[in-house]
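Taken from Swiss-Prot, the feature compositional bias 'Basic and acidic residues' applies to 95-104. Annotation comment: Swiss-Prot describes 105-123 as compositional bias 'Acidic residues'. What Swiss-Prot lists as compositional bias 'Low complexity' is 124-141. Taken from Swiss-Prot, the feature compositional bias 'Pro residues' covers 197-216. What Swiss-Prot records for 4-50 is domain 'UMA', and it gives sequence analysis as the kind of evidence. Residues or ranges marked as region 'Disordered' in Swiss-Prot: 87-141, 185-228.
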Amino acid sequence: MNALDGVPFKLPKGFVIGTEPLPGPELSVPACGEVLLGSMHDFSLERTALFWVEAAGQGPSPYQCGDPGTASAPPAWLLLVSPEHGLAPAPTTIRDPEAGHQERPEEEGEDEAEASSGSEEEPAPSSLQPGSPASPGPGRRLCSLDVLRGVRLELAGARRRLSEGKLVSRPRALLHGLRGHRALSLCPSPAQSPRSASPPGPAPQHPAAPASPPRPSTAGAIPPLRSHKPTVASLSPYTCLPPLGGAPQPLNPHKSHPDTAADLLSALSQEEQDLIGPVVALGYPLRRAIIALQKTGRQSLSQFLSYLSACDRLLRQGYEEGLVDEAMEMFQFSESQAGEFLRLWEQFSDMGFQQDRIKEVLLVHGNRREQALEELVACAQ
């Protein structure tokens, strides 16, 4: 017991500690479930492509689009033409009238053969037009699933005709007609009519082919324009273009484009063609799809589409196509590493370093900017 228990003490108010409760800290707890769901990839592009392929394999869709529009994919025979040349209607005034009458039966025969082959499998989607009586309404067209099925049927028919060697000449004749139309459009004088240039056209074609022997008089009619196509040299005396001394050399670099595309398509296996068909139907060029398939190998459709989508995103940033393909191949198809490599490569190229040296240094140092820059500066000194 203490002696000071009963003694009152006076304490100043400054020493008195208040007993008011302090407010707790405001903590904002994020919605972890929503964050995780938002960061997950939904694979919408892959699911859409697989759904289209499965629906096209099962049969035509009973649903139809209510909005009138154009088809989502071009005809299959246009895929064999090089994407560097635009398509336009072939001029009819350049050709000789007699030669045009001779060529028309062959084209009609080819069209009948294509129509008969298409009718054996299934009617093509182009036959169901809005104005035809088979369509349910005047303002309705088939949906993209039916268009994809028609494209696959056309691709199958094209592969069959390519194996027989019948389809290669059609894009080639179309390209020759387009080049003749471009040659006439370069002339500044509109007074010269294209009909006056057609009769003397076949005259310089015979000395342009020295390897072929002269035809005897009993050999029959001259074959149509598949063998003797109008070239720029045949129009040179009547246009503003300079005459060519020998064979039509400007056509040689461009003549191999449809042949190369046809050869690549016919050289693919059935598994590779099944991968390329839906990809081409989505709008990717045939040539780029074949090159991407050769680089990535036989993978699933989702991996193939992810590679093409990554390349397209890098191309939209302004990089060259060859450099994008090389970067994706160097970093094992990783879009993030390839994008970082392209960004650093562009920065170091603007500084004046050698491009081959930049690629080597970035590949050795794994896209580490500081170390790569130090080595480039040391090599330059």
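For all residues, glycine too, the Cβ spot is worked out from N, Cα and C.
Summarised by DSSP class, the composition of the domain 'UMA' (4-50) is 18 helix, 0 strand, 29 coil. Per-residue confidence over the domain 'UMA' (4-50) averages 75 (mean pLDDT, predicted model).
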